[in-house]
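TrEMBL lists these features:
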- 231-360: domain 'FAD-binding FR-type' (DOMAIN)
- 7-31: transmembrane segment (TRANSMEM)
- 59-80: transmembrane segment (TRANSMEM)
- 92-110: transmembrane segment (TRANSMEM)
- 130-148: transmembrane segment (TRANSMEM)
- 160-177: transmembrane segment (TRANSMEM)
- 189-207: transmembrane segment (TRANSMEM)
- 219-239: transmembrane segment (TRANSMEM)
C-alpha cells in the first residue's frame, strides 16, 4: 500500500505540473518585460509542434516534457520499494484511481476553468494529460492480476465490476477518436458523460469490499467533489437564468444564408470581458436539443435596466445550428428583389460568461488575426482597446487587425435586419461594416472623433482599409490566402 510519504511525493509532482502550465502561460509576458531574447528563442522551440496529425492531438516539446515528467513520477511511485509484481499491480490500481480523480473535478470543463482561472484549452490539456498514465496503470493492473479469470467464480464478484469498468474505459477511448467525435459530437459528449459515471460506479463496486481504505476514500472524495460542483453549477444556472421567477429567457434569431445572428436576454446584469463565451441550450429546436449546449463567443453585451442583452453571430454548420436554419420561419423571402429574413424566438438556458480575462492594457502593439466570420469575435477587443486608449487606460499605440478571407465576396453580403434604431449588430450592415462601426470608439478629448483615412484594395465590396489617426493608427487589411497573411504579418512590427 502507498505510504503517506509517497502520496506527498505524488501530490508534489502534480503541483509541479500545474506550476509548469502556469509558467508556460506567463513566460511570454515575463520575457517581453525582461527582453531575454535567448530564453525567448528557447521558449519558441519548446512551443513548436513535434507531432501534428489530422486525427490526433498535436504535440509540442512542452507537452512532451510534461507527459514524461508525469509518467516518471507514476512509475517511481509504483515500483520503488516493491518486491512483488502483484503488490506493484495493486499499487498501480490505487494510483490509477488518484489519476482518475482529475477527470471528475467538474461535470463541465468550462466551470473548472473558471474556478482555476485557466482557459478552456489549458483545462483540456490537463484533462488529456492524465489519460496516458491512467491508461497505462490500468492496463498493468489488469495484465498482472488477471481479474477476468475469476469473473464468474461467484455472482456479482468484484472482478466482474472491474472488468465492466475496464470495458467502459475502452469504449470511452474508442469513441474519442477524432473523426468519430467530430462527426457525432453530441452523441460522443453524452456517451462520454454516461460512461464516466458508469466507470466511477463500477470502480466503487470493485473496491468496496476490499481492505484498501485509501482507494475507498479516493472514490468517496471524488464522487463528493463531482456531485457538489455539479449541484453548484445547476443552482447557479437556475439562479442566473431566474427560471423559477421569470421562466425561460428568450433567444431571438435572424438568419441569412448560413449565418445566424442571435440575441440572448439575461435577466440579471452580467459583466462580460472581451473573448468570453457562453454555453447556450435551446430546448425547443428539436427533441434532443434539451441535452445539447454549445459555446459561443459574446460579440456584444448591452445593459438595459436590470438586464443584459448578449449578441452572438454564428456560422451554421452541422447538427444543432443547422437545424435552426431548417426552421420554417427562417426561410428568407424575396421583398422587392432583396432578402429579408424573418425573426424567430426560442426559449433558452445559458451559463457563463466563461473564460479568463485577456489583459491587453500594457501592450504597445496589439495584433488581432481572424479568418472568415471570426472577425466579429474581435469586435469586443477592438472596441475595448480604442475606448481604453481614449480613456488613457490602454498603452496600445498601434493595433493591427488582419482579416483572412478565402472567399472575398462571402461575408461582404452577409447582413442582418432589424427595425430597431438602436446601434447594434442588427442594423443591417455587412460584416466588414461592423468592423468600421467599431472604429467609432476611436475618440479623444471630449468625444472628438479623429479623422480616418480608408484605402480600399482588391475587392470593392469589402472594407480593406488602412485606418490612420493622429495617435493610434490602425492598420486593417484583407488577405485572400494563407500565403498573403504570412507575407503581411512580418511587416506589422
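Here the Cβ of each residue, glycine as well, is placed from N, Cα and C on the backbone.
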Under DSSP, the domain 'FAD-binding FR-type' (231-360) has how many residues in helix, strand and coil?
27 helix, 54 strand, 49 coil
Using Cβ atoms and a strict cutoff of less than 8 Å, what residues sit near the transmembrane segment (92-110) while being 6 or more residues removed from its termini?
1-2, 10, 74, 77-78, 120, 123-124, 126-127, 130, 133-134, 137-138, 140-141, 145, 193, 196, 199-200, 203, 207, 212, 214-215, 218-219, 221-223, 225-226, 229-230, 233, 279, 295, 351-352, 354-355
So what's the average pLDDT for the domain 'FAD-binding FR-type' (231-360)?
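Averaged over the domain 'FAD-binding FR-type' (231-360), per-residue pLDDT gives 76.
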